Ligand SMILES: [Zn+2]
Ligand SMILES: [Zn+2]
């Protein structure tokens with residue numbers, strides 16, 4: 001288990017490994033393009049090489065890419081669904097250029113549509129992303145906080161997509177899980193969550209953890225990240241998660257004012273289990 005956080009690529013993607021190391025990361029996550037829109041800046045052979053050299057030089061074991069926020073596989077608009085598949089595919093190819101292990105994506109939101117139809121569209125779109133793909137970076141779906149009509153908030157729903165499409169995995173976000181109503185904080189709650197994970201997706205489908213505490217109560221269905229131990233999940237929840245998922249990486253997405261402390265807190269929990 002390695003620990004790190006999301007870092008900026010300001011000034012060029014090749015700056016990210018050092019920026020991560022300076023914060024105490026052993027692994028890190030980036031956006032390879034603006035998360036809010038616009039075309040992706042090309043990654044030249046030189047910057048890909050410089051990025052990989054930086055990974056080695058700054059002892060970063062893995063890097064992960066978060067896709068932009070506007071991805072929507074469940075839109076009723078075909079153009080938007082096609083763009084979602086195209087952009088995720090681009091991110092997989094870009095990830096392969098720089099040696100990223102995984103990209104993860106949100107699934108989008110279904111308006112004016114039955115949930116079953118929307119899940120079907122998501123599975124179709126995710127399959128489209130991988131058609132003919134030969135790169136090395138793998139594709140993860142991120143669990144959502146279940147706000148409004150946002151897709152992918154439950155393991156049953158994610159499990160449906162996993163059954164339909166080969167070769168994908170799941171990124172769980174502790175804050176999103178908690179917001180959806182999965183009680184990872186209490187011992188009994190956590191046992192029940194693991195039962196559901198095993199039933200609907202299988203423990204091995206979970207490939208990466210976004211480690212964020214939650215400003216909101218269990219089941220609030222709102223996504224507000226908090227520093228580790230300062231939120232409603234508390235250190236107990238992170239001890240549960242780190243014990244159970246000791247073989248995968250934990251990536252923080254908390255505000256950078258105290259992210260170095262969050263990294264230290266998670267390292268300390270890891271060292272004591
Ligand atoms: Zn996310
Ligand atoms: Zn979030």
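Each Cβ is built from the backbone N, Cα and C atoms, and glycine gets one as well.
TrEMBL: automatically predicted annotations, no manual curation.
Model, not experiment: these values are computed from the prediction.
Among the features that TrEMBL reports, Zn(2+) 1 binding site is placed at 66, 106, 142. Residue environment of residue 66 (Zn(2+) 1 binding site) contains 23 other Cβ atoms, counted within 10 Å of its Cβ in all protein chains.
TrEMBL lists 142, 173, 210, 253 with the feature Zn(2+) 2 binding site. Secondary structure at residue 210 (Zn(2+) 2 binding site), taken from DSSP and collapsed to helix, strand or coil, is strand.
Residue environment of residue 223 (Zn(2+) 3 binding site) contains 20 other Cβ atoms, counted within 10 Å of its Cβ in all protein chains. Taken from TrEMBL, the feature Zn(2+) 3 binding site covers 176, 223, 225.
Positions annotated as domain 'Xylose isomerase-like TIM barrel' by TrEMBL: 18-268. On the 0 to 100 pLDDT scale, the domain 'Xylose isomerase-like TIM barrel' (18-268) averages 97 in the predicted structure.
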Among the binding-site residues 142, 176, 223, 225, 253, name every one whose Cβ is found under 6 angstroms from ligand 1, counting any of its atoms.
142
Quick one: which of the binding-site residues (66, 106, 142, 223) have their CB closer than 6 Å to ligand 2?
223
Long-range neighbours only, meaning 6 or more apart in sequence with Cβ under 8 Å: which ones does residue 225 (Zn(2+) 3 binding site) have?
175, 212, 213, 214, 215, 253, 254, 255
